[in-house]
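Remarks on the structure that follows.
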Amino acid sequence: MEAGEEPLLLAELKPGRPHQFDWKSSCETWSVAFSPDGSWFAWSQGHCIVKLIPWPLEEQFIPKGFEAKSRSSKNETKGRGSPKEKTLDCGQIVWGLAFSPWPSPPSRKLWARHHPQVPDVSCLVLATGLNDGQIKIWEVQTGLLLLNLSGHQDVVRDLSFTPSGSLILVSASRDKTLRIWDLNKHGKQIQVLSGHLQWVYCCSISPDCSMLCSAAGEKSVFLWSMRSYTLIRKLEGHQSSVVSCDFSPDSALLVTASYDTNVIMWDPYTGERLRSLHHTQVDPAMDDSDVHISSLRSVCFSPEGLYLATVADDRLLRIWALELKTPIAFAPMTNGLCCTFFPHGGVIATGTRDGHVQFWTAPRVLSSLKHLCRKALRSFLTTYQVLALPIPKKMKEFLTYRTF
């Protein structure tokens, strides 16, 4: 998909359950996730089941004519030893999913010491957040249950691993807390973060591992230090529950999505509100009096940091370019709940209320040299450090995303 083209549906996966279970309570796909290296896809398909699917998809899932676009050269090397699809029975409704990065060498040694039954080559894990407050940790290659983390008193709504490979996990719950877990120490709970007054819907760790964002039902967005586990600041601006959040790949931007129909783009270092993306009605057949038609469900950054994808209750997947205030593309979808980009770009996965997963084409563009330089600099410079540089004002505005 080139920039400006409409997303095309590549494939749709439907749960293999009896039809009488469709549209029943607990059939929703609340979360979908790709592993950081793009080799696995996880799908909470409802009724306590998570599917682990090797990526790219096998041929039977891909419509004719799309093979070349959705399959990679990795597929040509698949043989008898290739990974197989796994079915995880979690025993409870699954709300949150998160893959760990491949653990760093020190974490691998600790993991091997505490889990000698798990070979070092099988260190990719999946965390599942459950309806009863439990978190289950699964070994991806084998589908074995490794750990069961207890502590939350209500639904675990979202999960996020530190991108560094340290196997630190953050969980967000309806019990109004976030909890920090160290999987290197048998899943020991190392911190409880309190302060939200209502359900915590989502959490996200910045790619540089310095900040944690959490958002809740009281319109609030909290930013925490991942070093001291203390509150840095609160971000005010939404008029309803904030249900989704994501950092840009260089950690320089934060986006939050709310039931108030807006996505807000923030500078997480200063707390400044940079821009709002309003989800206006585009279907004239829809009733203006329905205040919930554009309530947002999910927002995520593209891997190169130039685009956003959003899912809303008005039956649309939208794709936005950061420099524009209106979407560059739409795709019709029904009952969307979540979305995520493939880590290497080109594909967006969406989950729906009826338990389905859809894969869409996403923009593929060659990033400009200017953007690549900005992304590289902002990966290790805070906004305050950029503003302190002896460079022209226009360059500072570009590097801090005030201009594009």
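From the backbone N, Cα and C atoms, a Cβ is placed for every residue, glycine too.
Mean model confidence of the domain 'SOCS box' (356-404) amounts to 95 (pLDDT, 0 to 100 scale). For 356-404, the entry in Swiss-Prot reads domain 'SOCS box'.
Residues or ranges marked as region 'Disordered' by Swiss-Prot: 68-87.
What Swiss-Prot lists as repeat 'WD 1' is 16-55.
As annotated by Swiss-Prot, repeat 'WD 2' applies to 81-140.
According to Swiss-Prot, the repeat 'WD 3' annotation covers 144-183.
Look at Swiss-Prot and you will find 188-226 tagged as repeat 'WD 4'.
Counting only same-chain residues 6+ beyond the ends of the repeat 'WD 5' (230-268), those with a CB under 8 A from a CB of the stretch are 193, 195, 198-199, 201-208, 210-211, 213-224, 274-280, 292, 294-301, 303-305, 308, 310, 312, 320, 322, 374-376, 378-379, 383, 400-401. As annotated by Swiss-Prot, repeat 'WD 5' applies to 230-268.
Look at Swiss-Prot and you will find 283-322 tagged as repeat 'WD 6'.
If you look up Swiss-Prot, you'll see 325-362 marked as repeat 'WD 7'. Beyond its flanks by at least six residues, the repeat 'WD 7' (325-362) meets 1, 3-15, 17, 22-23, 27-38, 41, 43-47, 55, 57, 69-70, 275-278, 282, 297-304, 307, 309-313, 315-319 of its own chain at Cβ-Cβ distances under 8 Å.
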